[in-house]
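Participant: My structure is below; once you've seen it, I'll send some questions.
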Amino acid sequence: MQAPAGLAVKAPLIANSDLMSGKPSLIGLTREEMGEALAEIGVPQKQVKMRVSQLWNWLYVRGVSDFDNMTNVAKELREKLKAAFTIARPEIVEEQISNDGTRKWLMRFPPRGAGRPVEIETVYIPEEGRGTLCISSQVGCSLTCSFCHTGTQRLVRNLTAEEILSQLLLARDRLGDFPDGSTPVGAYVPSEGRKVSNIVMMGMGEPLYNFEHVKTALLIATDGDGLSLSKRRVTLSTSGVVPEIFRTGDEIGVMLAISLHAVRDDLRDMLVPINKKYPLKELIEACRNYPGVSNARRITFEYVMLKDVNDSLEDAKMLVQLLKGVPAKINLIPFNPWPGTNYQCSEWAQIEKFADFINQAGYASPIRTPRGRDILAACGQLKSESERMRKTERLAFEAMMIANHGADD
C-alpha cells in the first residue's frame, strides 16, 4: 500500500499469533544453535547439517516467513517445525513515508518473560546508488544524550538477535528485496542492485551495551551463504563504550562510527554523559587501536551541529587536533528538531564554514542531508510510539513539520 508522501500509513495489522505464541524463533540462531534445536525435535544427527543448510537458505536467501513455503523440506518435518518454532515477522503497527522517500516502520515484538510487548522504530533511507536501513538495538536507551529524542525514553530492554535481524528481514519483505518479491508501486529505491544494500546500527539504543546479541545478528547478516551483506557496508555506531570497541573490530569486523559531538570533556559530559565514564582521551586511543583501521577503512566521527554550542571555528580546530593520526571522516549532522528540545540547528552558513575548515585540514567532512524529518525519522528523532507525546500533540507537531518541510532543508 502506497501512502501520500509524508503521511502515516496504518498498515494492515497482522496479529501474528504464531509470533505471540511464545514459541522460540529459528531466526537469530547460529548454525550450531539451529542444529541443536533441530536435534531436540527429533531430526537425526546425520541429517542435522543438511537441514540447517536448507533452513538457512529459506530464511536468509529466499526470505520465507512460513514453514509451508519450504517446498524442498518434507511435510512431516515442516509440521514438526511449525509445532515447535516460529519464523514469523514482527507486527507492523504503523508505516510512514516521508516526502523524500524515507520510510519508518513502528514494529511490535512480543513480551519476553513477564514483560509487555515492546515497540521499536526502524528507518529506511533510499538514495540513487544505495538503500540504507537504520536498525535499533534496544528498546529505549540508557545514555540520556541531551540532544537526542531517543535518549528521553527510558531503557526498557535489549533486543534479541532475532529482533535485530527481523528488522532487516521485514524491510526486505516490504521493499520486495527477496527473490519473487515486488517493490511497492511508487516506492523510491535504488535503480540497480539490492534495495537494502547498507545497514547502520544507529537506531534506538547503544549497540555496545547489547554486544552479544548485536554480534550474533551482524554475523548472520554478513554470512556469505545467507543475507550476504558486505562488512564494509555495515556500520556500528557507538557513543563510546570503550571496552567493547576493540571487540567490535576483532569479533564482528564491521565499520565503526563514533557519536562524538564535542571536542572538550566538559561539553561532551553534558551532551553525551557516557563521556564521564570514558573520556575523550580513552575513546580516541581505542579508535587508534581499532582492528583493521586504515585509510581504506576509516572510522566515521558523527558530529551534530548545535547552534552556539559546538559549532565555532575554534571547535573545528580542536576537532582536527583531537583526531590527528586517526584515519577518519567526519559526518556533520544538522540538528534535527523534536518536541521539547532546547537546542537549535546551527546556521547553514556556519555548518559550511565548519566543514570547509575540516576539509582543508585533510578530512572528508560531508554534511548529512536531513532525511525523514517530517515523520520524525531523522537522526536523533527516533522514539517508540508508546513513549512519545500525547497523540493530539504529536499530530499537531507532525502537521507543522509537514507544512514547513522544504523550508527546514
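Including glycine, each Cβ sits where the backbone N, Cα and C put it.
Annotated active site, proton acceptor per Swiss-Prot: E121, in sequence order, evidence recorded as sequence analysis. Residues or ranges marked as domain 'Radical SAM core' by Swiss-Prot: 127-376. Residues or ranges marked as disulfide bond by Swiss-Prot: C134-C379. According to Swiss-Prot, the feature [4Fe-4S] cluster binding site maps to C141, C145, C148, an assignment based on sequence analysis. Residues or ranges marked as S-adenosyl-L-methionine binding site by Swiss-Prot on the basis of sequence analysis: G205, E206, S237, S259, L260, H261, N336. What Swiss-Prot records for C379 is active site, S-methylcysteine intermediate.
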Participant: Tell me, which recorded positions from C134, C141, G205, E206, S237, N336 are within 10 Å of E121 (active site, proton acceptor) if we use the C-alpha atoms?
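Facilitator: Correct set: C134.
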Participant: Go through S237, S259, the listed binding-site residues, and name the one with the sparsest Cβ surroundings, counting other Cβ atoms within 10 Å.
Facilitator: S237
Participant: Would you work out the biggest C-alpha to C-alpha distance among G205, E206, S237, S259, L260, H261, N336, the residues that bind S-adenosyl-L-methionine according to the record, and give it in angstrom as a whole number?
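Facilitator: Those residues reach a largest Cα separation of 19 Å.
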Participant: Enter the number of other CB atoms within 10 angstroms of the CB of C134 (disulfide bond).
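Facilitator: Excluding its own Cβ, C134 (disulfide bond) sees 28 Cβ atoms within 10 Å.
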Participant: Is it possible to get the count of other C-beta atoms within 10 angstroms of the C-beta of C141 ([4Fe-4S] cluster binding site)?
Facilitator: 26
Participant: Going by C-alpha distance, which of the binding-site residues C141, S237, S259, L260, H261 is nearest to C134 (disulfide bond)?
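Facilitator: Considering only the listed binding-site residues, the nearest one is S237.
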Participant: To the nearest Å, how far is the Cα of C141 ([4Fe-4S] cluster binding site) from the Cα of G205 (S-adenosyl-L-methionine binding site)?
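Facilitator: Each residue's Cα considered, C141 ([4Fe-4S] cluster binding site) and G205 (S-adenosyl-L-methionine binding site) end up 4 Å apart.
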Participant: Can you check what DSSP calls E206 (S-adenosyl-L-methionine binding site), collapsed to helix, strand or coil?
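Facilitator: Note: E206 (S-adenosyl-L-methionine binding site) is coil by DSSP, not helix or strand.
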